[in-house]
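Novice: Sharing the feature lines straight out of TrEMBL:
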- His270: active site, nucleophile (ACT_SITE)
- His499: active site, proton donor/acceptor (ACT_SITE)
- Lys272, Lys501: substrate binding site (BINDING)
- 128-147: compositional bias 'Basic and acidic residues' (COMPBIAS)
- 121-155: region 'Disordered' (REGION)
- Ser522: site 'Interaction with DNA' (SITE)
Amino acid sequence: MAAHLQVGYLVHLNQNLEEDTSSAKLPLSPGTNNIGRTNISVTDKRISRKHLSLIASTDGSANLTVEGINPVVVLSGNERKKLSSGENLLIRSGDIIELIPGHHFFKYVASLAVGDKNAQKRAFSSTDQREELTPKKLRQRREDKAISSRNSQNNIAGNSEEAMRHFHVSCDKLPHTFRLLQVQGLPAWANTSCVSIEDVIQGDILVAILSNYMVDIDWLIPACPTLAKIPHVMVIHGEGDGTLEHMKRKTPANWIVHKPPLPISYGTHHSKAMILVYPRGVRIIVHTANLIYVDWNNKSQGLWMQDFPWKDENNPSKICEFENDLTDYLSALKWPAFTVKLPMIGSFNINPSFFKKFDYSDAVVRLVASVPGYHTGTNVRKWGHMKLRTILQECIFNKEFQNAPFVYQFSSLGSLDEKWMAELASSMSSGITEDKKPLGLGEPLIVWPTVEDVRCSLEGYAAGNAVPSPLKNVEKEFLKKYWAKWKASHAGRCRAMPHIKTYTRYSGQELAWFLLTSANLSKAAWGALQKSNSQLMIRSYELGVLFLPSVIQSNGHVFSCTNEYSKKQIGSKENDDVQKAKLVTLNWQGSKSSQSASEVTVLPVPYELPPQRYSSEDVPWSWDRRYNKKDVCGQVWPRRVQLYSSQD
């Protein structure tokens, strides 16, 4: 099979760059090969477990990307090129790789290129078989093809095959974008720059607040051993009584379990976030996954995080919108305050006001939250879709987004009507152009998996358990004009069913704004206006982060709670009127010249834009129907799905 085809190998070299015959060659297969301490005989801790990746092709070339924090050097002929973390380079057979400059030498050898010329020629297309293609010629052909493609598509390309493979973000730019969660069973390229739970809950954490709907304690602690070492942990959840009792019995003694008040029936605590306090500052994480195994391993999910330092008491920063929105939201949760003694810092009451001690002035997103209640007066514009409307009304967008379309993408559909859909669209249409004209209404499409999508997914019909919408909500006649397919080939996630929730306005592959949130498409999550629009009724707690070019443009610093580097300048606020920010998808194919004129932020939107509408044969998934056609696991639906490791 192709998966076991060897297309090359790495040869260990000694300091004299001669083959070290005492060490076995490391075989390389087509696709991504991860190289590091996990698979080579190196004990040097400067070598990461996943130090670099090699994407080896059957044509003899390989694309090298530095995955670890330390640099890699490539010797190609007389040329020596140093690559830092996140950088990549096309290499050829015979090139030498230094995992640490001056240490740990390996030669890349392409099997087909040096061992079987006939096999190499067969790997080329019929038009290529007539000439001997060197790696240099192959590289030039790819570059010419890419330039031609960009020119013909006018920088608004559609679906680009394996675009996720090229999503690499430097550490200082990570807060500007979000990342997808790793998915088991996908090719390695589809998990490029994706994260696991251990990637975000790490370091010397003093206090952790975990906010979620579903929490599987039996899975969570073994999956993230760091949690067991944190002195103070609070879990804010939305579980029912049966699971709650089990959770309370299984949580460590130093953990606090809290369920926020739900003043209106049929509401839930649905927000998915983490707040981690470190000696250096605080990490804010907003994501879309329940704290259960299948959500962190089998689904398409999104996660954003940013670290913030403690405020300088001698030079207090101004209170910003992010701080107000965060502390207002935390106040609504009404958790029981608790006292902690933080080493070298002091004793504190951990309540919402405690989080005013951090400097959020460099936040690169806006928070959009929902809290249950009947909101009146100024509070009408504080939560739900009215909060989104308020923020967008203050923004100026490029003219290309006038009457531009929307995407609503989520995993649970409420009981909707056309009046409320118009209300939501009105909020999402807010904003003006540079010449003060309103952006105007756009056409929304709902990206939603079909029955066939679920049946053929990684989990089969079981994945539909996390897309819990009943037939009575899905089959409404007026919704037919909204349905669009879940197509995610460029991100490798066609078979990883979406639990991610996103809302965006787009033109080609450029985005006016993008919201990553826990909010599904429902009145309970977004709120519904009542009493001549003087009251907003919301049933559930939700939390999301809004990406705006204007916010990203004004940010000028970066900070980390876990890396030992100080706050440093990465942009200039004085040049805001010169450098225009731009949000783009993975499939955007802008030229280098256009990137130099703009601050381009790539967001890994997992579905293709524009979405493809349903055909007459496509049926939207609903979880309370019977499906007798067997899925990829040989099962029919309905059937029992186990979401928790164990349950009393």
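Backbone N, Cα and C atoms are what each Cβ position is placed from, and that goes for glycine too.
In TrEMBL, annotation is done automatically, which means it is predicted and not curated.
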Novice: What same-chain residues, at least 6 away in sequence, bring their CB to under 8 Å of the CB of His270 (active site, nucleophile)?
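Specialist: Set apart from His270 (active site, nucleophile) by at least 6 residues yet with Cβ under 8 Å, we have Tyr213, Gly238, Ser518, Ala519, Asn520, Ala525, Ser540, Tyr541, Glu542.
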Novice: Given His499 (active site, proton donor/acceptor) and Lys272 (substrate binding site), what distance in Å do their CA atoms have, once rounded to a whole number?
Specialist: 12
Novice: List the Cα distance (Å, whole number) between Lys501 (substrate binding site) and Ser522 (site 'Interaction with DNA').
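Specialist: Counting only the Cα atoms, the answer is 12 Å.
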Novice: State the Cα to Cα distance, in Å, between Lys272 (substrate binding site) and Ser522 (site 'Interaction with DNA'), rounded to an integer.
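Specialist: Cα of Lys272 (substrate binding site) to Cα of Ser522 (site 'Interaction with DNA') measures 17 Å after rounding.
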Novice: Just how many other Cβ atoms lie inside 10 Å of the Cβ on Lys501 (substrate binding site)?
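Specialist: Here the count is 25.
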Novice: Would you say which of the recorded positions Lys272, His499 has the most Cβ atoms within 10 Å of its own Cβ?
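Specialist: Per the Cβ count, the most surrounded site is Lys272.
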Novice: May I ask which residues of the same chain, at least 6 positions away in sequence, place their Cβ under 8 angstroms from the Cβ of Ser522 (site 'Interaction with DNA')?
Specialist: Ser412, Leu413, Gly414, Ser415, Leu416
